[in-house]
Structures are given as structure tokens and as C-alpha cells.
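Notes for the one structure printed next.
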Amino acid sequence: MAGRSGDSDEDLLRTVRLIKVLYQSNPPPSSEGTRQARRNRRRRWRERQRQIRSISGWLLSNYLGRPTEPVPFQLPPLERLTLDCNEDCGTSGTQGVGSPQILVESPPVLDSGTKE
């Protein structure tokens, strides 16, 4: 699973369950009452969410020895990335489905500001 050397999967699962209980103990505020009452409930809810987020980070870093932020993701070289949308772009969920298209010649992204 996602454990490092020395960490057991049970410790990770127990910590994740605890964090899940913390988030479930703070449901979103109701939309009833006056505008001021709704605003106060949202403000208090956001503050509790911030506290839960910091407690979760503390649990992950101190109890399991993991950073709260994910490990940096290695991106492909810039030459392979394009903004070409000549064909049907579709929705973001369908983009990239099918045969991959890699441009041989990359278009200039930043020009000097003059049009040709």
C-alpha cells in the first residue's frame, strides 16, 4: 500500500479513519435563518475546517512521519506539451482519449509582441 519502510498499513488506515471522523464531525452549515446568522455559521464552519486541516496535517507528519503535501509530480518535457485545439476539444474528461498527438514543431508560445 502507501506505507514507507517501517510503517505498517494498519497505522496508515487507522490515521485515515481518524481524519475521516474529524471531517464528518463538522457537516456544512444549514442555509436557514437570517443573512447574518448564515454568515456567522459559515465563518465558524470555515474556522473548524481550518482546525481539522491543521490537526490532520499534524497527525500525518508526527504520527506517521509523512509530509502533508503530496510528493512533487514529474512533468513531461515542455516540447511535448501543446495547446493545439484544432479538432473537437470536447470536455476535459474526454480530452486525450485515442491516439496521442505530439507536435513535431512546437509553436512559439511567447512572441516579441508583433504580429506577422
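Glycine is treated like the rest: Cβ placed from N, Cα and C.
The range from 73-84, 97-108 that Swiss-Prot describes as motif 'Nuclear export signal and binding to XPO1' is residues 73-84. A Cβ distance under 8 Å defines the sequence-distant neighbours of the motif 'Nuclear localization signal and RNA-binding (RRE)' (34-50), meaning residues of its chain 6+ beyond its ends; these are 26, 28.
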